[in-house]
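S.K.: Dropping a structure here in C-alpha cells format, bear with me for questions.
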C-alpha cells in the first residue's frame, strides 16, 4: 500500500511535537524542584537551630575547635547561649579524655602497637609523658595530633586516675574558655566589618542614585535649551 506524500510526514511531526512537549514539561517542572530545594533548605536551617547543642556535641567528637568556634558565633547571633556552649565543650572534652585514659590503661600498649597512626603520635608524646607527666595532661589537650594518643599513653604510663581527672578538667576548662573567647572576639570584629561594609554599600548606592538624578536633570536641561 502506497502512503500519500502529504501523510508521510505525520510520524515525524508527531515525534517533534512529543519532544517539544516533553522539553516544555521538563522546563515547567524546574521551578517546582527549585522551590522544593528551597523549602528543604529552610527546614534544614530550622533543624540546625533547634538542635544546635546536639550538633555541637557531635562536632566536638569529630573536630573540637571548629565546632566550638562555630557555636560561639551562633551564640553571638543569639541562636545559642554562650554559658551552655562553654559547659558542653568542657564536659565533652573532659569525658573524651577520660574515655581515652581508661582505654589506654586497659589495653593502651596493644592498641598503640596495632595502629600505626597512633604509634607515630605516641612516639612524640612518650618523652613528654615520661619527663613531665602532670604537664603532659594539659599539653596534649592543646597539641593537635596528640589528642587521641596522648591520654591513652598517659593511661598506660600508670598515672593515678584522680590526678588525671583533675588535670584534664583544668585542661578542658582552659581549652573551652580560650576557644569561646576567641570565637566571641572574632564575632565582634566580624560584626563591625559587616556594619562598615553595609555603610559603604549604602554610601555607594546613594552616590549612584545622586549621579543618576544629576544625569537625568542635565539631560532634561539640554532638551529645554534645544527646544528654545
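Each Cβ is built from the backbone N, Cα and C atoms, and glycine gets one as well.
Where the annotation comes from TrEMBL, it is an automatic prediction and has not been curated.
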S.K.: For the transmembrane segment entry in TrEMBL, name the matching range from 79-96, 97-114, 115-132.
M.R.: 79-96
S.K.: Choose the correct range: of 53-73, 137-157, which one does TrEMBL annotate as transmembrane segment? Give that range.
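M.R.: Result: 53-73 is the stretch TrEMBL calls transmembrane segment.
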